[in-house]
Amino acid sequence: MHIKADEISTIIKEQIQNYSQRIETTEVGTVLSVGDGIARVYGVQDVMSMELLEFPGNLLGMVLNLEQDNVGVALLGDDTGVEEGSTVKRTGRIFSVPVGDAVTGRVLNPLGQPLDGLGPLNATEKKPVEVKAPSIIDRKSIYEPLVTGIKAIDAMTPIGRGQRELIIGDRQTGKTSICIDAILAQKESGVHCFYVAIGQKASTVALVADTLRKHGAMEYTTIIAATASDPAPLQYISPYSGCTMAEYYRDHGQHALIVYDDLSKQAVAYRQMSLLLRRPPGREAFPGDVFYLHSRLLERAAKLSDELGGGSLTALPIIETQAGDVSAYIPTNVISITDGQVYLEPNLFNAGVRPAINVGLSVSRVGGAAQTKAMKQVSGTMRLDLAQYRELAAFAQFSSDLDKETQTKLERGARLVELLKQPQYQPMQLPEQVIVMFAATKGFMDDIPIDHIQNFSKTLIEYIQTMNPKILENISTQQALNEELDQQLTTAITECKKTFLPMNKR
């Protein structure tokens with residue numbers, strides 16, 4: 001074998017010339033203690049608050065406490081592979097999640113990782129989960145309605161785009177159902193929907209995803225799930241992750257709706273973390289900044305000014321009460337932050353009034369500004385009529401002989417209560433709502449038996465769709481009732497009653 005010395009020397013010279021010394025430095029620390037999803041780390045001197053640290057086994061942790069000689073880190077996953085003395089690396093990244101159209105139709109965890117088995121997420125952009133809410137100058141007053149498809153809400157506690165409307169009530173009163181209905185009602189509206197499940201059973205989240213898929217709503221919806229089996233830090237961060245994904249549309253001049261189900265469980269997860277981080281407890285053992293926990297989240301829902309594109313983010317936070325106690329710490333906090341609340345009552349739910357909305361305690365602080373003129377015209381007296389009905393119904397229990405006027409109010413009130421009942425997952429379009437409200441408030445339903453009210457409202461809509469679809473079109477385009485429309489509706493309802501009443505007398 002012949003060795004060419006000149007060739008070897010040329011190769012060696014080339015390698016010497018091309019040699020570049022690369023020094024990589026990473027700041028590392030050591031785990032002092034770990035347990036219950038919280039680690040104490042020593043040695044990461046220049047770490048930032050909310051920075052991600054890398055633990056053994058590619059486990060990420062989020063820095064929450066910056067102390068004199070160590071940092072408190074919330075672990076975003078299973079901590080069984082972490083032990084005392086483990087090495088921790090700084091990543092230099094603040095907790096961020098993927099945003100954009102790639103997340104639509106997916107079920108993700110709060111880190112933005114897919115849970116639905118539909119392959120990897122092809123998102124090109126990431127945004128930090130903790131951002132500042134829009135300032136006063138950046139906002140515009142709310143004026144566009146966000147139709148939920150639920151008659152009782154759209155008529156009496158209307159929600160506008162950019163509003164925060166709290167859904168509050170005991171367990172098993174239909175809080176999630178109202179929010180799912182609101183998502184289903186956005187099918188034609190171009191609103192991007194986000195459902196954040198916090199501390200829910202995995203089976204419940206699967207059921208919600210299945211319901212949305214069946215109704216074709218997953219095409220414009222994203223689910224962010226931190227289930228009951230996930231560590232507390234993931235449950236704590238999930239609303240912020242969902243909010244960041246939804247803000248992408250708000251900041252691009254589009255409209256988004258986000259449901260937080262529910263913030264009571266997020267507060268419990270935050271309390272658990274805070275106590276493990278040895279932060280001083282306050283009322284009900286919650287830390288002192290639990291109000292700020294929810295206010296900084298809900299303030300990010302806004303209607304932006306025209307200069308910033310006029311986009312909006314509407315929030316429907318859910319709070320679960322214990323035995324109807326709305327004066328507990330978390331419920332009062334969230335009530336004071338939001339622009340109104342829909343209060344659900346177990347007594348109404350058990351009596352078959354579903355959705356079980358207590359109209360007297362429910363309120364929208366945006367009110368008529370978020371309602372179309374047509375809806376205002378037909379539902380203006382409704383809240384008062386129902387309030388009077390309740391008062392008279394309570395009084396009528398003690399009195400047998402009632403005058404004609406009282407009797408009429410009681411009869412109409414009972415029909416209104418019946419009319420506002422609605423089956424699950426069947427949101428109504430706004431023009432259809434206007435028609436049935438018109439029939440009820442103008443007294444056209446007074447002679448229809450109470451147990452036929454639902455049937456009549458269905459028949460009436462079908463009749464108008466078949467015989468005079470122009471009415472629905474006009475309500476939709478004009479968004480107000482004029483004399484001509486009034487007359488057309490009156491004629492249509494009268495004609496429909498002529499065919500409906502004989503059928504039900506047989």
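Each residue, glycine too, has its Cβ placed from N, Cα and C.
Worth saying up front: this structure is predicted, and the values here are computed from it rather than measured.
Database features (Swiss-Prot):
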| type | residues | note |
| --- | --- | --- |
| BINDING | G169, D170, R171, Q172, T173, G174, K175, T176 | ATP binding site |
| SITE | S362 | site 'Required for activity' |
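Annotated features, which come from Swiss-Prot, shown on the structure.
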residue: G169; record: ATP binding site; contacts (Cβ under 8 Å, 6+ apart): K175, E320, T321, Y343, L344, E345, P346, A356
residue: D170; record: ATP binding site; contacts (Cβ under 8 Å, 6+ apart): E320, T321, Q322, A323, G324, L344, E345, P346
residue: R171; record: ATP binding site; contacts (Cβ under 8 Å, 6+ apart): E320
residue: Q172; record: ATP binding site; contacts (Cβ under 8 Å, 6+ apart): P346, F349
residue: T173; record: ATP binding site; contacts (Cβ under 8 Å, 6+ apart): L344, E345, P346, F349, A356
residue: G174; record: ATP binding site; contacts (Cβ under 8 Å, 6+ apart): L344, F349, R354, P355, A356, Q424
residue: T176; record: ATP binding site; contacts (Cβ under 8 Å, 6+ apart): V208, D261, I318
residue: S362; record: site 'Required for activity'; contacts (Cβ under 8 Å, 6+ apart): M156, T157, G340, Q341, V342, Y343
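In sequence order, E320, L344, P346, F349, A356 are the same-chain residues whose CB sits within 8 A of the CB centroid of G169, D170, R171, Q172, T173, G174, K175, T176, the residues recorded for ATP being left out. Residue environment of K175 (ATP binding site) contains 25 other Cβ atoms, counted within 10 Å of its Cβ in all protein chains.
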